[in-house]
Amino acid sequence: MTASASSRKLKVGILGATGTVGQNFLLKLESHPYFVVHALGASSRSAGQPYIKAVRWKQAYPIPESARQLIVQECKAVQFKDCDIVFSGLDHDVAGEIEQEFSEADLAVFSNAKNYRRAALVPLIVPLVNTHHLDIVPHQRAQHEPPLKKGFIVTNANCSTTGLVVPLKAIEDAFGPIDRVIVNTMQAISGAGYPGVPSLDIFDNVVPFISGEEEKIEWETSKILGGISSDLTSFDLRQNQPIRVSATCCRVPVLDGHTESVSISFAKRPPPTPEQVEEALRSYTCEAQSLGAPSAPKAVIHVHEEPDRPQPRLDRYFQDGAGVNVGRVRDCPVLDIKFIVLSNNVAIGAATSSIINAEVAMLKGVV
Ligand SMILES: NC(=O)C1=CN([C@@H]2O[C@H](COP(=O)(O)OP(=O)(O)OC[C@H]3O[C@@H](n4cnc5c(N)ncnc54)[C@H](OP(=O)(O)O)[C@@H]3O)[C@@H](O)[C@H]2O)C=CC1
Ligand SMILES: N[C@@H](CC(=O)OP(=O)(O)O)C(=O)O
């Protein structure tokens with residue numbers, strides 16, 4: 001259904017509605033031009049209660065009025081049968097089975113969970129980078145036994161991968177392939193959900209380990225920055241143009257906003273200058289913008305001039321967290337170029353990504 005083909009708003013469900021990502025979905029969908037929240041799902045601990053009673057609300061804005069008295073449902077597809085789209089912020093322990101049941105019930109699922117990111121026919125989409133990967137959805141539906149009419153699963157990326165691939169894509173579009181990336185992350189505690197990291201572990205401290213995170217960044221980058229085959233049935237995972245990524249991930253005492261220190265080298269010589277890279281970052285645009293997706297940021301990448309920016313406390317809410325901040329673009333004496341990235345892990349790193357992916361899917365007639 002395309003936006004112009006439909007004058008009514010599409011009904012959406014939120015799975016994992018009581019969690020950190022679920023709460024952000026509710027805030028960002030409060031007065032959405034295409035979508036209206038119709039059903040909320042969480043675990044059996046929450047099911048049967050009005051949302052206001054089930055949730056431990058941790059956001060700086062109040063719970064949207066329309067959601068307060070909605071009764072939380074168990075995550076069973078039958079309870080969401082009137083929905084056109086389902087957003088998932090489910091814990092990965094349960095997301096696999098539940099998202100499969102929903103897609104097989106012919107619901108369009110946009111997921112934040114890691115479970116299907118590596119699946120061969122599931123697009124892994126950062127909406128500021130590779131919305132063209134949605135083109136595999138008809139094949140995903142056709143390969144299901146029996147074929148699905150409307151159901152599918154689309155995932156968005158790990159929150160640190162998301163911040164990283166946006167500037168990498170802008171730079172590759174301008175200067176050709178990047179062959180090596182070294183990235184060190186400083187990740188906010190909200191990335192671990194609620195209650196997340198114990199206060200006694202994170203106050204006055206840096207924890208140099210986040211389980212599974214480095215492997216995700218190192219693998220997901222190739223799927224996102226890779227191509228889709230001409231018959232729209234597979235992803236190339238950069239087999240012919242490898243991009244080697246080395247990631248080190250740390251948890252730091254910041255509430256929201258993942259900061260990443262990135263060094264890159266180019267396949268072609270000579271490499272661009274820092275000034276050329278800054279210009280490429282500033283002028284980068286994406287398909288979500290050209291299609292007019294309402295949640296897409298006006299500027300995909302904001303390049304900071306100040307020598308001490310971006311900073312999470314000052315820059316994480318720029319454009320409601322939908323864009324990416326880059327600063328300190330400079331020569332790297334070991335690789336070619338290095339810079340700092342800051343992205344809002346609960347916005348473009350999670351809920352906002354799913355929402356823009358769904359907007360683009362709707363504008364392209366995939367939903
Ligand atoms: N936080 C972040 O920055 C990011 C998170 N993600 C991913 O998004 C997902 C959600 O993360 P986050 O919001 O942080 O996690 P939370 O722990 O805050 O929330 C988890 C949600 O899953 C629900 N849930 C747990 N068990 C079940 C079950 N058995 N059946 C149905 N629902 C269940 C919980 O419901 P209940 O309240 O009833 O227990 C809750 O709504 C995860 O997969 C995470 O990896 C991705 C990118 C960024
Ligand atoms: N691991 C991330 C958040 C997350 O949930 O990642 P993923 O969606 O890849 O499991 C963090 O701790 O900041």
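Heads up, the Cβ atoms here are built off N, Cα and C, so glycines get one too.
Worth saying up front: this structure is predicted, and the values here are computed from it rather than measured.
Per TrEMBL, active site, acyl-thioester intermediate is recorded for Cys159. The secondary structure of Cys159 (active site, acyl-thioester intermediate), as reduced to three states from DSSP, is helical.
Around the Cβ of His258 (active site, proton acceptor), 28 further Cβ atoms fall within 10 Å across all displayed protein chains. Residues or ranges marked as active site, proton acceptor by TrEMBL: His258.
For 11-137, the entry in TrEMBL reads domain 'Semialdehyde dehydrogenase NAD-binding'.
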Exercise for review: Would you count the other C-beta atoms found within 10 angstroms of the C-beta of Cys159 (active site, acyl-thioester intermediate) for me?
Suggested key: 29
Study note, to complete from the structure: The DSSP breakdown of the domain 'Semialdehyde dehydrogenase NAD-binding' (11-137) into helix, strand and coil residues is 41 helix, 26 strand, 60 coil
**Study point:** the domain 'Semialdehyde dehydrogenase NAD-binding' (11-137) [mean pLDDT, rounded to integer]
**Key:** 98
